[in-house]
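Peer 1: Right, I'll just put the structure down here and ask away after.
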């Protein structure tokens, strides 16, 4: 994929984003009024030869979300492991039935709550622990957890399903925490790069979901044992996490990456009208240790990103409210026919694969089109308009349902169309928001701002997951 003059158009805090029409002149202004990036004397901006950095960030994006996606898409495996909790009529505590029936909601809560807490921790650690340490440590923890889950695949847990459920939730919480540290650290790193690299990382996350959904379909078709499928999931995730370690270690070897990863000036909050002091020190003279004593200024970052933050929270709130808790429980209208389409492949194909592929397409479009801009009033309007998707999904054939009995959309094509719309809108709008965030602040605050943007995202996911768990009980 060719990106002409990306170092000029997408450069750090002075990026001028591209739009296809002059009708949006207000959105074509520079994201910051004054240059805030000080190139080291004698250095010229190198080119990303063979798109090496772009490919690495794309792969790191896959590795960042692949663990969570493999956990979620292994629905048949969790149902198999928790099968003793499927019916309260079997003499089990009625609470056991909730473990299986609402497993996706519990999984989402176990994922989003620790994620939110560790984003706060990562914000405090931005200038205290090197990004190199945070990235490698988080990858190592995720790798260890997947090894544990792979071992548990062959362990008979039928006599202690509640214990296994607790272990699964704990593993999900640890995976989510380590993935949060990894994602926010790498995303913060891209804040110092041209904007196309952030787009690569974010699109890679959607590719991770697509890869896991395809793997789920292949395993369902090739294997009759859900344990074999789960083992393949977990081992694949472990291998890819190991690959991410190697790719991250390779990144600083690229001249292009070294240029943008060089130290920056100490934190000083500039306004969009301020000019940097003429005697500002060059980046090459700043000792890395000088950053260790500073905590990024939260107030100015929150003020600068308030509008984008609202969009991020609302976008991910609606997405988490629907996917996966609601959408995975929409059943085909002719489920009892015995067809593999209605019994085996419907949810993996029409929910996980379709949503993740649509999400990927939406994110990839932002490589060429960035409309509306970060200051446009249209952006929050589009984000809020997605609330219309919630009743559309609820009026499909959601099961089980005891209060809302009306099924308005009595055809399988409707949830497919709604899922495409959910994925496309989530991918396109959320990528715009996440790309814009680190570009409306000085370069030295880009990493901290990236963490704040992911905090907004996780807050939306947590609220959406919690509301989805409540909504399921009222349908």
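Including glycine, each Cβ sits where the backbone N, Cα and C put it.
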Peer 1: Ranges 7-27, 28-48, 133-153: which does Swiss-Prot label transmembrane segment?
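Peer 2: It is 133-153 that Swiss-Prot describes as transmembrane segment.
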Peer 1: If you compare the topological domain names in Swiss-Prot, are residue 263 and residue 448 on one side of the membrane?
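Peer 2: Topo match: yes.
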Peer 1: Swiss-Prot annotates one residue of 84, 183 as N-linked glycosylation site; which residue is it?
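Peer 2: When Swiss-Prot is consulted, N-linked glycosylation site appears for 84.
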Peer 1: Below 8 Å between Cβ atoms, which of the listed ranges 133-153, 341-361, 451-471 makes the most pairs with the transmembrane segment (163-183)?
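Peer 2: That would be 133-153.
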Peer 1: Pull the DSSP breakdown for the topological domain 'Cytoplasmic' (362-377) and write it out as helix, strand, coil residue counts.
Peer 2: 4 helix, 0 strand, 12 coil
Peer 1: Select the range from 200-220, 306-326, 341-361, 378-398 that forms the most Cβ-Cβ pairs under 8 Å with the transmembrane segment (415-437).
Peer 2: 341-361
Peer 1: Would you kindly check 106-126, 231-251, 378-398, 451-471 and say which stretch has the most C-beta pairs under 8 angstroms to the transmembrane segment (133-153)?
Peer 2: 231-251
Peer 1: With the transmembrane segment (451-471) as the reference, find which of 106-126, 231-251, 306-326, 341-361, 378-398 contributes the most Cβ pairs under 8 Å.
Peer 2: 306-326
Peer 1: Suppose I define contact as three or more CB-CB distances under 8 A, residues 6 or more apart in sequence; do the transmembrane segment (378-398) and the transmembrane segment (106-126) meet it?
Peer 2: no
